[in-house]
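Trainee: Attaching a single structure in structure tokens format; questions to follow.
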Amino acid sequence: MIKIQNLQKEFRIHQARSGLAGAFRDLFRREYKTVKAVDDVSFEVAEGEIFALIGENGAGKSTTIKMMTGILTPSGGEMQINGYVPYKQREEYVRSIGVVFGQRSQLWWDLSPLESFRLLRSVYKVDELQGQRWLERLIEELDIGSFVSQPVRKLSLGQRMRCEIAASLIHKPKLLFLDEPTVGLDVLVKQKIREFLRNLNETENMTILLTTHDVSDIEALCKRVLVMDKGKLIFDGQLHDLKETWGNGTEVVFQFKQRTTIEQLQAALAELPCELLRENEYAIRVRIVQNHEMLPYVLSTVMTAFEVSDVKIMETSTEEIVRNIYSAPVEVSHYG
Amino acid sequence: MGKMYAELIRMRFLTMLAYRVNYYSGIIIYAINIGAYYFLWGAIYGGQQQMAGLSAGQMTAYVAIAWMSRAFYFNNIDQEIAQEVRDGRVAIEMIRPYNYLSVKTAQALGEGIFRMLFFAIPGMILISFLIPFHFPASLQAWGLYLLSLLFAFVINTEINLLTGVITFFLFRNEGMMRSKRVVVDLLSGLILPISFFPGWAQTVMGFLPFQAINYYPSVIFTGAVSEARALQMIALQIVWVLVILIPITVLWQQARRKMIVQGG
């Protein structure tokens, strides 16, 4: 469904010289620097997948999305989506996709979302009867019925964002791009949107691409994750592989009934490759390095040797993983 | 396809209606302009029967109709394009299955029809009570006027598209758009009928598209030119419509290729 090969995008950025003399020289000859915003990115996506594209600000996510939506023309590489080459067959291609830009509105600011929906239906030449039924379903599932006839400028961000999503789906696209759809939304709205997207993926087999900074979006929706850094794709694989490679393993916190020292616990666990950290006088954190089968063994060993009042098992959060990736030097890896 | 453009025109209509204060102040501004020019020309004529081929009565009609025509052909789509390019909203337009420039033209037409129906026609009726005013006598003359007004709209919109598309290359071109506005108002014959310009200036302006925007329809309306000359003017307008289309097409293709979306 999506096939991208060696995609590249270069920008020429004007470098302003400093000072008044520099500004004067800029009038006559400008200096440019070429920046590779997207550098040799390749991946394929099958129909019905939900996948996330993550990376720091300026990693090239947005540029990639803009090329995939036919807005920008790539400087190099090949791209085929839904059977079209986006930048060459833009008008035909965009009929098969829906796009939500979290940062910009596609609704008419002064009019109600219903008016926008109406216009979009004629833009996409949606069949009158089916379109109406589909729109009713969107309105119901996104729970926007109570405010769709108010001017957009009077809606709250959460209300507006749900209307944006409805607007992007008016023509029932096969592929949906969501560029940071949950920025600035509260937890309830986020949850509603996620549920809706998951349902859409299941019932309509819609392919969904998500870019986000919100790790909980990814955990709730995606199995597959692509990580970009400095224009390069540095990871492409399953979310749990991501956790394995970049995570810190599993951590268990034991709360003991009696004072227990690290040495006592270390003696009990003997040779196991664990890291022990003291939480307080009664609690010790055990870090199990990258091996899930070890967890039951650690648990049973500690629980038979000591009197334990509480156990907390903590997996590294995706958030931490993302932080690890961002702070690590670039390293190309392919999984799945 | 036609349905989509009809919807776009309708949307622009609704948007214009959303801002009532803009609407009322627009009426006042047009009324002040027409009034001021009416008295100014009254003083200039000062009892003379004819100047530069226009009688005092024809001049009055010219001033009124020139402003009323402007209500129809005038639009700010160049500034809208510039704004959309600058804040990156143009990205949203590029994910739609339509041609951006045609859509802008349809929106401009929606605005024009709105102003024509709600400013110009009531304004004309109002003015005809206040100042002596001659409407074209025949249906044919009306037809010629409306036809030339439509082409005037197309030419003015094309010029706006051209200055708007230049924003894709320069990113900031307020200066150019503002000077274009003054040039169009002056050289289109809105402020001064073309026949009042010195001979050499008229020759130069013959090679420019601006007089086709206002002078042609207005002078056709006043009945100061023969029917044959009117048809010739409309033919010239059609030529300009086609000529300006060339640079727009070339620039737009260039712009698509090197488009940068600002911010995010």
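Each position is counted from 1, following the chain as shown.
Cβ coordinates come from backbone N, Cα and C, glycine included.
Any TrEMBL annotation is an automated prediction that lacks curation.
Pulled from TrEMBL, these are the listed features:
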TRANSMEM  B:21-40  transmembrane segment
TRANSMEM  B:52-73  transmembrane segment
TRANSMEM  B:113-133  transmembrane segment
TRANSMEM  B:145-171  transmembrane segment
TRANSMEM  B:183-210  transmembrane segment
TRANSMEM  B:230-252  transmembrane segment
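If you look at the structure here, what lies around each of the features I listed?
Mentor: Beyond the transmembrane segment (B:113-133), the same-chain residues lying 6 or more positions past its ends with a Cβ under 8 Å from any Cβ of the stretch are 9, 12-13, 16-17, 23, 26-27, 30-31, 34, 38, 57, 60-61, 64, 68-69, 71-72, 74.
Among residues of the same chain six or more beyond the transmembrane segment (B:145-171), those with a C-beta under 8 A of the stretch's C-beta atoms are 69, 72-82, 85-86, 101, 104-105, 108-109, 112, 136, 177, 180, 184, 188, 209, 212-214, 216-217, 220-221, 230, 233-234, 237-238, 240-241, 244-245, 247-248, 251-252, 254-255, 258-259, 262.
Taking Cβ pairs closer than 8 Å, the transmembrane segment (B:183-210) reaches residues 51-54, 59, 62, 66-67, 70, 155-156, 159, 218-219, 240, 243-244 in its own chain, all 6 or more past its ends.
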Trainee: Checking distant contacts: for the transmembrane segment (B:230-252), what same-chain residues at least six beyond its ends satisfy Cβ-Cβ under 8 A?
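Mentor: Result: 101, 144, 147-148, 151-152, 154-155, 158-159, 161-162, 165-166, 168-169, 209, 212, 216, 219-220.
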